[in-house]
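Q: In case it helps, TrEMBL gives these features for our protein:
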- Asp7, Asp140: Mg(2+) 1 binding site (BINDING)
- Asp7: active site (ACT_SITE)
- Glu67: Mg(2+) 2 binding site (BINDING)
- Glu67: active site (ACT_SITE)
- Asp140: active site (ACT_SITE)
Amino acid sequence: MRVLALDSGIERTGYAVFDYKNKKHELLAYGLVKTSKNDDLSARLFELSQKLDEILMRNTPDVCVLEQLFFNTNQKTAIIVAQAQGATILTVTKRSIPVEFISPLTVKQAITGDGRADKKQIQKMVSFTIKFPVKPETDDVYDAVACGMAYCILHK
């Protein structure tokens, strides 16, 4: 099974592609989708959708995994990220790829064994488990990798 994990955002969306078979997962690709800060929201959502569609065509996933959104601070940021996730879901669904959600707590527990782990602890465990040829450039990529790893771990 091919798994595409995404950490949605309007400015940056991290992605990770895993092959999962025989209870083992292998990271095939990872990276970052960026949108232009100079464009308005609708143009950025369109750009995000186009770039994600390229990733979908290139990697042909069987399932797409998204971390459930959780915000307790800035309402404006939450709305924009939710819009980016909506564009992501639409793009994936247009290709008849099922979308599944995983909670941040579940990701933390699956990766570190501790549902209260912070980003540094998660990144440390991800880096310990996966030997990246090139270090991921942002937290968004690490988050996508962690999300994909957690999904594979939980679907043994």
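Keep in mind that glycine also has a Cβ here, set from the backbone N, Cα and C atoms.
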Q: Including all protein chains shown, what's the count of other C-beta atoms within 10 A of the C-beta of Asp7 (Mg(2+) 1 binding site)?
A: 27
Q: Run through the Cβ atoms and count how many others sit within 10 Å of the one on Asp140 (Mg(2+) 1 binding site).
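A: So the number of other Cβ atoms within 10 Å of Asp140 (Mg(2+) 1 binding site) is 22.
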Q: Sort out the sequence-distant neighbours of Glu67 (Mg(2+) 2 binding site) for me: same chain, 6+ apart, CB within less than 8 Å of its CB, listed by position.
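A: Listed in sequence order, they are Asp7, Ser8, Phe101, Ile102, Ser103, Pro104, Val107, Asp143, Cys147.
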